[in-house]
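K.L.:
One structure, pasted below without further comment.
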Amino acid sequence: MVYQPGSNNPFAIPSKHGEMPTFVVRASKPQLPPVDLILENAHVVSLPMRTRFRGITVREAMIFRGLKGWGEFAPFVEYDDVEAANWLAAGIEAAWQGPPPAVRDAVPVNATVPAVPADEVAEIVARFPGATTAKVKVAEAGQSLHDDVERVAAVRELVPRVRIDANGAWDVPTAIEAIEAIGDVEYVEQPCATIPELAAVRRVVNVPIAADESIRRADDPLLVVRADAADIAVLKVAPLGGMRKVLALNASLRMDVVISSALDTAVGMAASVSTAAALPVLEHACGLGTGALFERDVAPSFVPRGGVVGPRLVTPDDELPLASPERAAWWEARLRRCHAILMAR
Ligand SMILES: O=C(O)CCC(=O)C1=CC=C[C@@H](O)[C@@H]1C(=O)O
Ligand SMILES: [Mg+2]
């Protein structure tokens, strides 16, 4: 299909003065904006973290402007193109469709506590004012169960409700031992890597099990339900392909959900918060305060006040912390490959 200039082009973004661009672009799929149009309005940023999280000290992301606002493309660098293409679909949805209608204007969020030593916990928790739930990372490579027990105990002194996330690092016996040693928690997120292991742990322990990677990285996100492997679904907007995909998944999962960030910049976080704000029912705090872990964001971060964040549109700052030209070229090539995958889907 060939889009002509002006109003016949459904993806054209008017200039600040309202003028329509005068280019002709080719697209073979009417619902996807052409890749050159995405890249024309894109920036690659490099955001320093205040605390190492998930092995990341600098978060890179591509953000781009569409007809309805801004979208983000920031799959973790080790993800392959097929998985990364979901993140592009999410960014395009945000930029060209905008958010779904909200049913609430405040979303409770958890404090997110990386795998830091116990004596650093207070400084981290202070970045999430008013949070009454904390999610604590456990089972970090190179650390011991004793480190986890100490960190969780330090968090419990400050925040009444604690959940833990092992990112699939334990085998079944280790998970059972660790969960018993750590004691009372709201839930354990992804104690083991596989769905059968989650189900095995769930049958033994007296604590709810939440599935994260088993949903967002699975070929079929509903396998967890069929295997009776979890009580709670942790849903991340970018890895699952967008806000409306997550809302549809929520409708078919029939279990409690928690919306959590994928270490989003403020642009991606706007989509994540909008999704949480659009859920018909929200029983648990969401993992959407991670803007507090950034030293610098692309716009004012969604930092909790009184334990909540609210949905809003985000426009990036005029001055952005841009990545190097080499990294920008890497992201552009990655986006082009992911766009080709979406075109073929
Ligand atoms: O849920 C939260 O509190 C914050 C988000 C968070 O923990 C994560 C974001 C991105 C990648 C992940 O390793 C991690 C998670 O596993 O949930
Ligand atoms: Mg997780």
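Just so it is clear, glycine is given a Cβ too, placed from its N, Cα and C backbone atoms.
Straight out of TrEMBL:
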type     : residues         : note
ACT_SITE : K137             : active site, proton donor
ACT_SITE : K236             : active site, proton acceptor
BINDING  : D165, E189, D212 : Mg(2+) binding site
DOMAIN   : 118-208          : domain 'Mandelate racemase/muconate lactonizing enzyme C-terminal'
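What's the neighbourhood like for each of these?
P.N.:
Listed in sequence order, the residues of the same chain lying 6 or more apart from K137 (active site, proton donor) and placing their CB within less than 8 Å of its CB are F53, T112, V113, P114, A115, I164, D165, N167.
Secondary structure at K236 (active site, proton acceptor), taken from DSSP and collapsed to helix, strand or coil, is coil.
Within the same chain, the residues at least 6 positions away from D212 (Mg(2+) binding site) whose Cβ sits under 8 Å from its Cβ are D165, N167, E189, Q190, V234, K236, S260, listed in sequence order.
The DSSP breakdown of the domain 'Mandelate racemase/muconate lactonizing enzyme C-terminal' (118-208) into helical (H, G, I), extended (E, B) and coil residues amounts to 41 helix, 14 strand, 36 coil.
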K.L.:
Which residues, same chain and not among D165, E189, D212, have a CB within 8 angstroms of the centroid of the CB atoms at the recorded Mg(2+) site?
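P.N.:
Surrounding the site, in chain order, are K135, R163, I164, A166, N167, V188, Q190, A210, A211, E213, V234, S260.
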K.L.:
Taking ligand 2 as the reference and 6 angstroms as the Cβ limit (strictly under), which recorded positions among K137, D212, K236 are close?
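P.N.:
Cβ < 6 Å from ligand 2, in sequence order: D212.
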K.L.:
So if I take the recorded positions (K137, D212, K236) and measure from each Cβ to the nearest atom of ligand 1, which come out below 6 Å?
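P.N.:
Result: D212.
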K.L.:
Over the domain 'Mandelate racemase/muconate lactonizing enzyme C-terminal' (118-208), what does the predicted model average in pLDDT?
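P.N.:
A mean pLDDT of 98 is what the predicted model shows over the domain 'Mandelate racemase/muconate lactonizing enzyme C-terminal' (118-208).
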K.L.:
Enter the number of other CB atoms within 10 angstroms of the CB of D165 (Mg(2+) binding site).
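P.N.:
Neighbour count, Cβ to Cβ under the 10 Å cut-off: 24.
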